[in-house]
Amino acid sequence: MKFIDEARIEVIAGDGGDGSASMRREKFVPFGGPDGGDGGRGGNVYAIADRNINTLIDYRYAKKHLARNGENGRGSDCYGKGGDDVTLRMPVGTVVTDMDTGELIADLTEHGQQVMLAQGGAGGLGNLHFKSSTNRAPRQKTDGKPGERRMLRLELKVLADVGLLGMPNAGKSTFISSVSNAKPKIADYPFTTLAPNLGVVRVGPSKSFVIADIPGLIEGAAEGAGLGHQFLRHLQRTGVLLHLVDLAPFDENVDPVAEARAIVGELRKYDEALYEKPRWLVLNKLDMVPEDEREARVADFLARFEWDGPVFEISALTGQGCEALCYAIYDYLAEHSDAHRAAEEEDLATDVRFRDAPPADGGATPGDDA
């Protein structure tokens, strides 16, 4: 199936039905009074996150989604039927934004999460509501309210723990296929990967994390070179980025340091917050470097790149160093997940302490002796 990560749609909620202005007309019941029922409410439009869907392709071609109108009220106190709701199933990770106001309407991060996109109009009132001691036969009734109408932008940001960065042919697809069950297309030409790929890396019976491979970046991607940097949005939810560098390029004129700096520059142009994410340097294709040259080549790269963060030396093709890298990633994610959970618990405990704290001025509380 074709991978689509962006779409624009129009959602139209149903209009409310009109109220009825009817009088009770029945044998042996003179002056029966008003019996007009209310109109039904208009149908709502909802979005629900579904983990079994992984693309927005359904919304690339189906642009308009309408809910049904509510039925009009009728006599004999008959209320109109409410309009049927419409539920749009979207991939987990979809962000829904109002195109006219820029308002963030929904960020679907959990399976089954449901959000209202457009609310149906309220039904009108029948003349039954306007009866009074001075107006026994009212003819007033109200019309139903129109439903909401919105133009929405849908963006899919895949949910992954780890994101892969690198130039085309840096070995990202080979790496993800080596450490997970993902089967991306792998070839010896640039831009083999045209859409994000996800793989689950298992380091134990109940220990795993998700890794995302996106199409490669090149210098000038911010200006649209190559495939641009549109796929970088899929890395915004990750906990750590792996910057893969080809340490043994086939072209002797290619400088790995210059390519690595170009990737960092494009990352910063796209999003400062993404640039500030934890980033690990992964030097790949060491199997192509003679053993007696490896240490010197790695040291030269790190000195010129001026890198003082975590460094891992691997060969995605042979698997050398990949297992140690995966265990380090899992330990890092587990540690920071525990730290984040502890911080949330501390915030909650602090909030409880403040709620239960005595008055700051030391004044008497109700019930204290004067």
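Using N, Cα and C of the backbone, Cβ positions are placed for all residues, glycine too.
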Original post:
From 20-46, 74-100, 344-370, which range did Swiss-Prot mark with region 'Disordered'?
Top reply: 344-370
Subject >> K172 (GTP binding site): tally of other CB atoms within 10 A of its CB >> reply: 30
**OP:** For the domain 'Obg' (1-159), provide the mean pLDDT of the predicted model.
**Re:** 86
